[in-house]
Amino acid sequence: MKRIEIFTDGACSGNPGPGGWGAILRYNGTEKELYGGEADTTNNRMELTAAIEALEALKEPCEVDLHTDSNYLRDGISGWIEGWKRNGWRTADRKPVKNAELWQALDEARRRHKVHWHWVRGHAGHPENERADALARAGMAPFKKKKGGDTASSEEGSARRR
């Protein structure tokens, strides 16, 4: 089984507001960069989307070391998700899980891989995290307001680049 390193990040301007996600996939010295964005989203949604897109980009089952600066992502996938599934996608206090459709997509995306989740401190000089952040900002850029108040966006309000 191939061993892949993935570094992900999400960014949002306004939270909610325009946002982007970025991911670096590294295998055997080769890197692939992915990024995309949405017109109206949150930072947490972009963090989840980065991980989903990165895992879905893998063409075969892999052993993955996924690095994120998001405690929300790491804690959710490493601990909370099993309880949410048992509770019908409700929290311990019976409220609907926020971003449930993304958590479900992430749960599905990770199934064919053996994923090790790693937390890194964001904006602390970690080179791959800084690059993933730059990719997330690039994904967000088309949706940020331009001078004159217009918002640049695609027809669907989201964009992905691979």
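Every residue, even glycine, has its Cβ placed from backbone N, Cα and C.
Swiss-Prot lists GLU47, ASP69 as binding Mg(2+) 1, and of ASP9, ASP93 the one it places in that same site is ASP9.
According to DSSP, ASP9 (Mg(2+) 1 binding site) sits within a strand segment. On its own chain, ASP9 (Mg(2+) 1 binding site) has TRP21, GLY22, ALA23, GLU47, ALA50, THR68, ASP69, SER70, GLY122, ASN129, ALA132, ASP133, LEU135, ALA136 as residues at least 6 apart in sequence with a Cβ closer than 8 Å to its own Cβ. Just so you know, the Cβ of GLU47 (Mg(2+) 1 binding site) picks up 28 other Cβ atoms within 10 Å once every protein chain is counted.
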